[in-house]
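Trainee: Following this message is one structure expressed as structure tokens.
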Amino acid sequence: MTTLEGSPAVRRLTAWEPTRLESLAGEYGTPLYVLDLDRVRENARRLESAFPDAEILYAVKANALKDVLETLHGEGVGLECASAGELTRALAVTDSGAEVHYTAVNPPARDLDIAVEAWEAHPELTITAGAEDTIDRLEERGYDGRLCLRVNPGIGAGHHEKVQTGANAKFGVPAERAVDVLADAADRGFDVVGIHAHVGSGVSSDQLDAHREFVSRMGELARSVTAAVGDLEFLDIGGGFGVPYREDEQPLDLEAVADATREAVGEVDVQLTIEPGRYFVADAGVLLTTVNTVKDARETTLVGVDAGMTTLLRPAMYDAYHPIRNLTADSSDTERSREETAQTIAGPICESGDVFCTDRKLPESERGDLLAIGNAGAYGYEMANQYNSRPRPASVVIDDGVARLARRRETIDDVTSVERER
Ligand code: LLP
């Protein structure tokens with residue numbers, strides 16, 4: 001068993017070394033994503049230790065950086081992909097379809113073409129369909145490979161209604177139809193290997209009851225499918241393991257989740273598969289940003305920074321809380337100690353929703369200060385975009401303690417060069 005010594009259940013923003021981050025910001029500029037691959041490995045090992053018998057896949061959508069995929073592949077973790085782009089990235093890293101799943105959600109035709117082509121080169125690839133139409137469309141393309149069915153279990157959970165999938169009509173075939181759909185697929189020559197569901201993202205300890213109910217329904221379904229259609233290879237219960245974003249929030253008790261999962265699945269002769277994304281990478285990443293404007297607004301101090309909702313969308317999209325730290329105030333011991341004031345930290349995008357926090361107590365900010373936004377490793381860069389023609393930031397990784405540039409900063413030319421030249 002892997003040793004977990006020195007691997008806390010959560011890495012808080014306060015645990016990052018300010019001078020190290022300052023020097024990275026100095027070298028690569030801001031806004032800058034920094035991702036510690038050593039912490040990604042620790043997170044993988046904690047998951048492996050809690051779920052020793054499960055197959056563990058990484059939901060690539062949380063952070064698709066090649067360095068992350070290589071790191072997790074190196075840890076023996078498989079890759080779950082949500083699009084042809086993620087699938088292409090995953091196969092470039094693993095060079096085998098055996099540990100790769102493609103979960104097709106209303107897949108565009110081009111995605112299915114690419115997935116079937118990938119299967120021809122890597123016949124051990126697993127494709128998970130969430131609609132009967134998807135199965136028909138795979139058949140039309142000549143696919144008769146490994147097929148998993150995503151079901152809709154009718155139970156959702158997660159940190160925000162926009163990420164609760166388990167009862168949302170968009171995802172999966174209603175669980176009560178699964179036996180018929182799989183029996184039909186088996187008759188048509190597909191290699192039926194598994195069933196899948198994902199209840200939602202950011203499931204916390206206080207939602208353990210929903211998790212239990214969800215997993216027990218999936219165990220029940222696995223038994224029905226096995227009896228009616230034949231043996232299944234795996235039961236994939238998705239991802240969703242929450243991480244603490246607030247400073248006083250307790251980490252998920254992974255062992256308790258694993259115990260509850262085993263108990264709720266009950267007796268069933270299939271491999272349990274889990275596919276978390278956030279848990280691997282969230283606390284391994286920070287976003288560095290520089291203060292460019294400080295002004296007294298009517299009721300608050302408005303602090304303008306060079307990252308915005310185009311860099312980290314989660315606060316604007318889900319009202320998500322991210323811890324924020326003023327690294328300059330923390331690291332300069334010669335300076336007077338700074339008073340804490342209520343600050344609203346906002347980005348450079350022309351939208352009033354472009355704020356990271358409102359009236360949060362932080363040491364007084366000054367122009368030029370470097371701030372760190374914590375827990376930015378999951379769904380940070382992945383959801384970044386070029387709104388307002390703003391180039392996406394650079395990403396640096398720390399690997400075995402050594403930092404290197406993993407992805408360069410985009411330029412305005414990168415943003416405009418795909419347009420037709422006149
Ligand atoms: N498997 C499937 C089929 C999924 O749809 C997802 C996430 C996962 C696994 C991984 O879930 P995780 O372990 O990362 O919670 N952008 C949102 C999260 C959206 C998650 C979508 N699906 C956020 O920033 O909170």
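Every residue, even glycine, has its Cβ placed from backbone N, Cα and C.
What TrEMBL says about a protein is an automatic prediction, not a curated fact.
Quick caveat, the model's predicted, so the values are computed rather than measured.
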Trainee: Figure out which of Tyr143, Tyr321, Tyr379, Tyr381 sits with Gly240, Glu275, Pro276, Gly277, Arg278 in the pyridoxal 5'-phosphate site per TrEMBL.
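Mentor: So the pyridoxal 5'-phosphate site in TrEMBL includes Gly240, Glu275, Pro276, Gly277, Arg278 plus, from the candidates Tyr143, Tyr321, Tyr379, Tyr381, Tyr379.
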Trainee: Enter the number of other CB atoms within 10 angstroms of the CB of Pro276 (pyridoxal 5'-phosphate binding site).
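Mentor: I count 28 other Cβ atoms within 10 Å of it.
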Trainee: Using all protein chains shown, find which of the binding-site residues Glu275, Glu351 scores highest when you count other CB atoms within 10 A of its CB.
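Mentor: Comparing the binding-site residues Glu275, Glu351, the most crowded Cβ belongs to Glu275.
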Trainee: Among the recorded positions Lys61, Arg314, Tyr318, Cys350, Glu351, whose Cα is within 10 A of the Cα of Gly277 (pyridoxal 5'-phosphate binding site)?
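Mentor: The recorded positions close to Gly277 (pyridoxal 5'-phosphate binding site) (Cα within 10 Å), listed in sequence order, are Lys61.
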Trainee: Per 10 Å Cβ neighbour count, which of the binding-site residues Gly240, Gly277 ranks highest?
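Mentor: Most Cβ neighbours within 10 Å: Gly240.
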Trainee: If you count the other Cβ atoms within 10 Å of each Cβ, which of the binding-site residues Tyr318, Tyr379 comes out on top?
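Mentor: Top count of Cβ atoms within 10 Å goes to Tyr379.
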